[in-house]
Amino acid sequence: MAISFATIALPDLLHAKEGLSLDDTQASWFGSISFLAEPLGALISGPLVDYVGRKKGTFLVNIPHLIAWTLMYFAWDLPSLFVANGLLGFGSGVMEAPINSYVGEISEPAVRGALCTLTLLFISLGIFVMYLLGTLVTWRYAALISLSLPFASMLLVLLVPETPVWLLVNGKEKEALKSLCYLRGWTKPENVREEFDQLADYSQNLRNCVICTNNDQDIKTCDHASMNWFKRTLLKFRYVFFCKETLRPLQFTMLYFLFYVMSGLTPIKPNMVNICGAFGMPQNGKQIVMMVGIITCLSSAFAIIAIKILGKRKLAISALFMSSVCCVGLSIYAKIHLGKEVFSYDVTTFPKETSYTPLVLFYLLTWFTACGIPWVLLGEIFPFRSRASAQGIAAASYYLFTFLGSKTLIDLETYARLWGAFATYAAFGFLGTIYLYFFLPETEGKSLAEIESFYNGKLRIFPDDPFFNYFKRQKKK
């Protein structure tokens, strides 16, 4: 939400003749400062949600947005404006672990992918509404209207139960059974008994002392509760985080986020309106931004269906590959048709001629970017003990990469112009496609325990198609 707000506010703030005004450097920082605050929020979100629970965590993380939107509406100078945008970024980051953990833990394997993608659809809808507000009202009134959303979110959270797994791990069996009955359609306990027993067995192992488990000690004689608190915390952190089940999916998601972010659309979002003008797109910049919101919503809805038909693996690989192809197209167009003087941070250099070619390529880039599923995988790929904190670290890496990507756009453009910037994004996308081809497992229809098993034992690669299998057979001969 912070980045979409920056997108609609920047054109009005950049070299404004009245009120608050930003120069080129300030505009670059305003568009990316939220990304600098988001990693901090994401890192805090994991320990928060582990301590207070998924439900309470989802309720509390709305508070930074309440403060930020209020401050944004009343912003009286540049520092207050930057603090408000930074708070929006912090609030977005701190939301990651509770939301992803909650959706992943309440869902059955058959619908988990669709539900995780549904959260992305609502995010896309929120971005579209923000872009729409940018075409209808000033940025201050957009902030005022947005203030109602955290209140609505907090009220809705009160209507849902805590996740059964978290309740079981914390010894609340009656509440866990009641929660599971509610989540499975207000059914009777006997109808969910089999699933509840499986969750109880799974959670029983999680309640065991992780230090004893990793040192082959008898759990019945465990005395680690009396150990020095700091030393016990360090040991638990070591055994929970520095294990294959956590480090391997963490490495995977961080690299996926890097390739996803740097594949074209995300780094240019703060300066999207001006990028469209620099390419000579025939539509008004704010109209294009609104269309981006609509396309993102439609693409997210398409992804829900595509996951059920294709699975997550094929969708993710093909989406990243096609994003790269679109970046290549935009790079070639910029190299051939845009003069050396064109610079997206200087509206006086924009070309007078317009063309629909970059507009079509840009809309296609938006579609394929929205089909990416790193956030869906984030909700299901980590083991329970490290899930919330690992999700927070992975989300922090996404925001860090996004900050670096958006902050370096001006440098890429300065030294390599627009064609060089999009050529760089295309290279990242193609590298990411290769990486996903080898290391992305198919998680659709798999239980959380089955997904955890992918990262036990030896390091695995996951291609399973005629092309790869042919070379695999040739190697065995």
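Cβ coordinates come from backbone N, Cα and C, glycine included.
Pulled from TrEMBL:
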| type | residues | note |
| --- | --- | --- |
| DOMAIN | 1-444 | domain 'Major facilitator superfamily (MFS) profile' |
| TRANSMEM | 57-76 | transmembrane segment |
| TRANSMEM | 82-103 | transmembrane segment |
| TRANSMEM | 115-133 | transmembrane segment |
| TRANSMEM | 139-160 | transmembrane segment |
| TRANSMEM | 250-268 | transmembrane segment |
| TRANSMEM | 288-310 | transmembrane segment |
| TRANSMEM | 317-336 | transmembrane segment |
| TRANSMEM | 356-378 | transmembrane segment |
| TRANSMEM | 390-410 | transmembrane segment |
| TRANSMEM | 416-440 | transmembrane segment |
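Long-range neighbours of the transmembrane segment (115-133) within the same chain, counting only residues 6 or more positions beyond its ends whose Cβ lies under 8 Å from a Cβ of the stretch, are 1, 4-5, 7-8, 99-100, 103-104, 107, 141-142, 145-146, 149, 286, 289-290, 292-294, 296-297, 299-301, 303-304, 307, 370, 373, 375-376, 379-380. Proximity of the transmembrane segment (139-160) to the transmembrane segment (57-76) is established through 3 or more Cβ-Cβ distances under 8 Å for residue pairs spaced 6 or more apart. Model confidence over the domain 'Major facilitator superfamily (MFS) profile' (1-444) is summarised by a mean pLDDT of 83. Scored by C-beta pairs under 8 angstroms, the transmembrane segment (250-268) has its highest count with 390-410, from the stretches 288-310, 317-336, 356-378, 390-410. With Cβ pairs under 8 Å as the measure, the transmembrane segment (416-440) is packed most heavily against 317-336, out of 82-103, 288-310, 317-336, 390-410. Using a Cβ-Cβ cut-off under 8 Å and counting only residues 6 or more beyond its ends in the same chain, the transmembrane segment (390-410) has close neighbours at 3, 24, 28-29, 31-32, 35-36, 38-40, 42-47, 89, 92-93, 96-97, 100-101, 241, 246, 249-250, 253-254, 257-258, 260-262, 266-271, 345, 374, 378-379, 382, 421.
Here the transmembrane segment (317-336) has long-range neighbours at 259-260, 263-265, 279, 310, 355, 357-358, 361-362, 364-365, 368-369, 371-373, 417-423, 425-430, 432-433, 436-437, 440, meaning same-chain residues at least 6 beyond its ends whose C-beta is under 8 angstroms from one of its own.
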